[in-house]
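Copied from TrEMBL, the annotated features are:
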type: DOMAIN; residues: A:72-262; note: domain 'ABC transmembrane type-1'
type: TRANSMEM; residues: A:12-33; note: transmembrane segment
type: TRANSMEM; residues: A:71-96; note: transmembrane segment
type: TRANSMEM; residues: A:141-163; note: transmembrane segment
type: TRANSMEM; residues: A:184-206; note: transmembrane segment
type: TRANSMEM; residues: A:212-233; note: transmembrane segment
type: TRANSMEM; residues: A:240-261; note: transmembrane segment
Amino acid sequence: MARATTPRRKALTTLAAWTVALIIFFPVLWMILTSFKTEASAVAMPPEFLGASWTLENYAEVWQRSDYPRFFWNSVVISVGSTLLGLGLAIPAAWSMAFVPGRRTKDLLMWMLSTKMMPAVAVMIPIYLLFQWLGIYDSKIGLVIALMLMNLPIIIWMLYTYFKEIPSEILEAARMDGANLWNEVLYVLTPMAVPGIASTLLLNVILAWNEAFWTITLTTTKAAPLSAFIASFSAPQGLFYAKLSAASTMAILPILILGWFSQKQLVRGLTFGAVK
Amino acid sequence: MTTSKIAKGPSLQQQRVRAAFWFLAPMLVMLAIVAAWPLFRSISFSFTDATADTIFNGKAAWVGFDNYIEQRVRSNGEIRWRGVLLDAEWWNAVWNTVRFSLVSVALETVLGLLVALVLNAEFKGRGLVRAAILIPWAIPTIVSARMWGWMLNDQFGVINQMLLTVGLISEPIAWTARADTAMLAVLIVDVWKTTPFMALLILAGLQMIPRDMYEAAKLDGIHPVKVFFRVTLPLLKPALLVAVIFRVLDALRIFDLIYVLTPQSDATVTMSVLSYRQIQQFGDYGEGSAMSTLLFLIITAFVLLYIKLGRVDLSGEKS
């Protein structure tokens, strides 16, 4: 803000911001620290910080006991696949809503919001029955479709807001130059909307990666991604906190790395393009 | 302009309208199959006596509104009423959901606003801080619920230890197990997880406020607090209203955090969790579906009311 310009003010703001960040980040830090402790050290009272005995044993054991690469690969296929499929459906739909708005456009947006009013529990059984009937229960294809639908409203919504920012004159100019509709969408609109599409893609990959309700409900073993891996981890193994922390860290690490390198696009995605 | 071009105009427009329809069609079909149809089936299950067995072979019998409210006449002539609408457990879940939603969204909005105001100022390492506060949002709820469950543990938890050291409590508290603290524990975790998200949405709104507004207020010598309430807050209202409705929708449907953090607690059981229990634990698909149908109705009523009262324009055209 304009008034925060004096050096003292700036120092105070810096301090406040870093304190907030530290408080927010502490639980994650604690989990990562715990994952490197021995089980005895992890449950020591009072909690051990620097004097703890450190080990890589937890990671080795989690790796050995479970098929981490398979879960990881399932997560990648499901989150990327559902997002790409969603974009394929959403780009034309958002084009329609942004550039050929009709009387029904608002109703459509409302209808998409209504899918967010639906508790997952309410459609759990019908979806389960549908997937069994279609033979896509516990398959990657099934989860790609399920998560795509879960995120489709938000994908369309985001693309719609981005597309509306693009002046329709540019599309008209392309049309005057003889571009047909397909070329207009594919070669004029899509490249112009790349930043918006990238943000949408990233956000939805993360949402799909973290989804747990449907991935657990709709899989047993074959197609289970990392969220199911982490859910399955504590039950039979008892409460081994250090190992649980190691497994959790392994489950969130890929997404944290992805998020870290793409935070700008991500923030833009989360805020519908308002934060530059 | 030649006549041919003028003649071409409407046909091109028609072509676009037709294309618009076909472009929308795949999405509409998808939504119909996987959103509308399951919802319709779930609502119809709520009018049957479906159980874990009958739901698969389609032998569930139609029972009308019996899952919601039912009159039973006993052999001695005594009349008894039962059903979800008379179930104390259900109303307890409704109350839990409502108080959770109210308190969590209120806290998240106020704290999110504060965090956003800090992030909007200039300071060293802004990018890094912004990335760091995004982390709780990027962690799956199932992981954060476990992580907090352990930090709040009465024997090994680091939070009890900290509070003991500072002297705020005299003995360790089993936060997630005790009836009087379970809701507090759920609120802490939800606020931790969602405030950053809220802060970012509000930050987006803040950055759209033109800077010269503040300059002008400063020149006029208006107190910053007054500027906040008279300038910032009113201009932020559209962004806030949208952020709040998205949060409330999530809060009313909350399931995973409570299911992992306080699985058996009556003090935190929400409508979604109770419905899930009814289906998964007791195999009562009829009553479970009735509960989720009621939840859907409550949420829909809330949204319609909110949009009407708050005059929220969801298509983003600020009037």
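Including glycine, each Cβ sits where the backbone N, Cα and C put it.
These figures come from a predicted structure and were not determined experimentally.
If one looks beyond the transmembrane segment (A:212-233) by at least 6 residues along the same chain, the residues whose Cβ comes under 8 Å of a Cβ in the stretch are 62, 66, 68, 71-72, 74-75, 78-79, 120, 124, 127-128, 131, 137-140, 142-143, 146-147, 150, 243-244, 247-248, 251, 254.
Within the same chain, residues 4, 49, 52, 245, 248-249 sit at least 6 positions outside the transmembrane segment (A:12-33) and bring their C-beta atoms closer than 8 Å to a C-beta of that stretch.
Residues of the same chain lying 6 or more positions beyond the ends of the transmembrane segment (A:240-261) and with a Cβ under 8 Å from any Cβ of it are 31-32, 34-39, 41-43, 58-59, 61-62, 66, 68, 72, 75, 202, 205-206, 209-210, 226-227, 229-230, 233-234.
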